[in-house]
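Only one structure is covered here, and it is reproduced in the block below.
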Amino acid sequence: MEKNVKVHCLTNPVTMQSVANVLLAAGGSAVMAQDEQEVEEITAICQATLLNTGVPDERKIRSCILAGKCANRLGHPVVLDPVGAGASKFRRKKIGQLLQSVVPSIIRCNQEEASALLRAEDEKEFLVLGTERQKIEGTAESCQQDGDAVFSGIQSGGVESSLELELEKARRLAVRLAKKYRCTVCMTGEQDVISDGERVKVISGGDGRICRITGSGCMLSALCALKCGDGTDSFEAAAEAAETWRHCAERAGETVDEKEEGIGSFQIRLLDALSLKMEMERGRRMEVQSRMKQNKKRYISPEQLRLYAVTDRKWLAEGETLETVVETLVRSGVTCVQLREKHASDEEIISEGKKLNEICRKHHVPLIVNDRPDLAKKIGAAGVHVGLSDMGIEKARELLGEDFIIGGSAHNVKEALQAQKAGADYIGCGAVFGSQTKSDVTTLAKEELCAICEAVEIPVVAIGGITAENIKELTGTGIDGVAVVSGLFAAKDKPEMVRRFLKAFEMKKVLTIAGSDCSGGAGIQADLKTMAANGVYGMSAVMALTAQNTTGVQGIMEVTPEFAGQQIDSIFTDIRPDAVKIGMLSSGEIIHVVAEKLKEYQAEHIVLDPVMVSTSGHRLIQKDAEQSLKKELFPLAELITPNIPEAEVLSGRKIKNAQDMESAAEKIVEEYGCAVLLKGGHRINDANDFLCTGEKKVWICGERVENPNTHGTGCTLSSAIASNLAKGVGMEEAVQKAKEYLTEALKEQLDLGAGSGPMDHTLGKIIFE
Ligand SMILES: Cc1ncc(COP(=O)(O)OP(=O)(O)O)c(N)n1
Ligand SMILES: Cc1ncsc1CCOP(=O)(O)O
Ligand SMILES: [Mg+2]
């Protein structure tokens, strides 16, 4: 919050004081007026209006309507908290009337209230919510995670948590309500769902104790009003408020001493957490401001360059205009916009630029003007992009001073370093995939792009022919974002296209289904370390605990098949993995459950390390389990990674040399239909593996590293391959990169334990100190 935002609160008598305190703690202030004779005057001197219908009566609703209409006229944001909207006919009617007269920016409600607001129109929604809802229809709301004061005394016993809707239903509910009232909905519950009808954000975390506090929902509504009172887009404001509130609840929960303190202390800690968070943010903001002042430079962060939309009217469909399309794109999540209209006159660029600038400013997205520093200045844009045949960067800086962003183009490392030296704030590199928008371009090789990213300190964006499909080929190049013309402007469904582009930047998630190695060198421990080092988010479903160390295995305790399945359910129903690595599964029953679950969830990119025979030749799983593995899991795998003894069992052939390896791998591919990476190991060669995918047969050569500590190399290799596949890398490159990672880990020469020790999965790098 930059300035002290005043929120006009028409509030709930039960929570009036809490609302005032929360606004003060968050750095704003509350002004409370309710009489019809003064509400409009007070609305006008505040920056936001909060309509909490609280304990409604005719006069209160009339005042809410007057204040809401006045705020609408003045363009001030209005937050509506329709307390207990479905609890009585009177409430339903009065809140309905209010919504006919006032356009809210945000409706902050719980799921019951959301349904009640939709109910008049669509009775079916209630049926979808199930019988539990019917039990309380027309009565009070449940605990509802936001503890609204009015109803905290009349909860209908025993139905609280069973009233929570499944997330998907909650999402649909929020989207429908947002569409119906053309506003943002901030719907609290087990998880908070924020939607403006197009965008949806789900927020989790917090602390269950918050629902035992009177008025926590009212306080959140006040935070929503405060956030949008400073001009923040209502969707962002609601999401920020809900995130802040859950964060504060978590902090409060952590600081309450459960033995000594009760719910009263929790409430105080909640306020403490809020004020401390705001203090910290204020401190950080001042630091950034003073840094910006010192540098006197407009700063563009790598995040702001993530999805950079570059205009070209030629891609617009009938009925579309640059303004409507840019508005849709930035609302959907585009992070930067460039006005690039090669055939427009100066006057047209200035007038179009001013309109786009307004839209971009509203959504806090920088507008950059192509080629012309002079026009960027006239428009008041955030910056300019100049190429090699335009005005040079130094000259542009002279003209614009230190406050404008300047982007430069580069096609090789030398040009990139020159642009950086000349004072560019970011670099655009292309055309990475050719282009139908710009004809006079040469294609920039991926290797050159990697070298540029490595060489410069400033952010780099790739440009040219980038689509939601081919963007994954840019994974691992080091770019900070992509600049896109036709891929966005010619898209039919633009919000969906933005979502697809942004998804490419999301952190990828990988699941390991394997056994634990308490000594940390192999099994799920090695898998998780490998995933972290390879930049993906690791998750694990533990199939067995082993007591082992570098000298051997001392004990095994399997989980039950039911529990094995339960873990996989927990993972897939919340954080869907982009790839799965399967390691040691010791019984046929567990293998069966794993196969069924992976089929049920249609898991992708399954890499299976068939831990059947140790490198020394010992069988590690029972015969029936081996059959289940072959019959049930191999057909689901994209790749299996046997060592030589395992490949001998699978192919039924002896493997004595490289040629035997090739024919054994081909036989396995033929029989089981999945790709095979046959690991050379010390019996044939130390570092070369044979990859056979059916279409392609290739030796993947690696560097031989003298290191006796090889505990967990198989787990590490397969996890690294799964991580690469999750990032969208093709199979051959995924294997090649995984082998390089393994080589580096071996080269660290970690030497722990009495036997064959583990590797250093961090490659000796400490990422936080
Ligand atoms: C982000 C971004 N990168 C590169 C370019 C290309 O600029 P330039 O080489 O000057 O070519 P034109 O766009 O002027 O045709 C760009 N515009 N944006
Ligand atoms: C301006 C520019 N510079 C290199 S390629 C290009 C055009 C990119 O357009 P598209 O994304 O439609 O290929
Ligand atoms: Mg140019």
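Positions of Cβ are set from backbone N, Cα and C atoms, glycine also.
LYS438 is the only one of LYS378, LYS395, LYS421, LYS438 that TrEMBL places in the 4-amino-2-methyl-5-(diphosphooxymethyl)pyrimidine site (with GLN338, LEU339, ARG340, GLU341, LYS342, ASN370, SER409). Among the listed binding-site residues, namely ARG108, ARG340, LYS342, LYS438, the Cβ with the most fellow Cβ atoms inside 10 Å is that of ARG108. Nearest to LYS342 (4-amino-2-methyl-5-(diphosphooxymethyl)pyrimidine binding site) in space, judged by Cα atoms and limited to the binding-site residues MET32, ARG108, GLY215, ASP371, ASP390, is ASP371. Spatially close to LEU339 (4-amino-2-methyl-5-(diphosphooxymethyl)pyrimidine binding site) yet at least six residues away along the chain are THR311, ILE349, GLU352, GLY353, LEU356, LEU367, ILE368, VAL369, ASN370, ILE379, ALA381, judged by Cβ distances under 8 angstroms. Taking every protein chain shown into account, THR188, GLN338, ASN370, SER409 are the binding-site residues, and of these the Cβ with the most other Cβ atoms within 10 Å belongs to THR188. Proximity to ligand 1 (Cβ under 6 Å from any of its atoms) holds for none of the binding-site residues MET32, GLY215, GLU341, LYS342.
The binding-site residues shown are GLN338, ASP371, SER409, LYS438; of these, the one with its CA atom nearest the CA of THR188 (ATP binding site) is GLN338. With a cut-off of 6 Å between Cβ and the nearest atom of ligand 2, the binding-site residues THR188, GLY215, GLN338, ASN370, ASP390, LYS438 reduce to LYS438. Within its own chain, ASP371 (Mg(2+) binding site) has ARG340, VAL384, HIS385, VAL386, GLY387, ASP390, MET391 as residues 6 or more apart in sequence whose C-beta sits under 8 angstroms from its own. Candidate binding-site residues: MET32, GLY215, GLU341, ASP390. Fewest other C-beta atoms within 10 angstroms, MET32.
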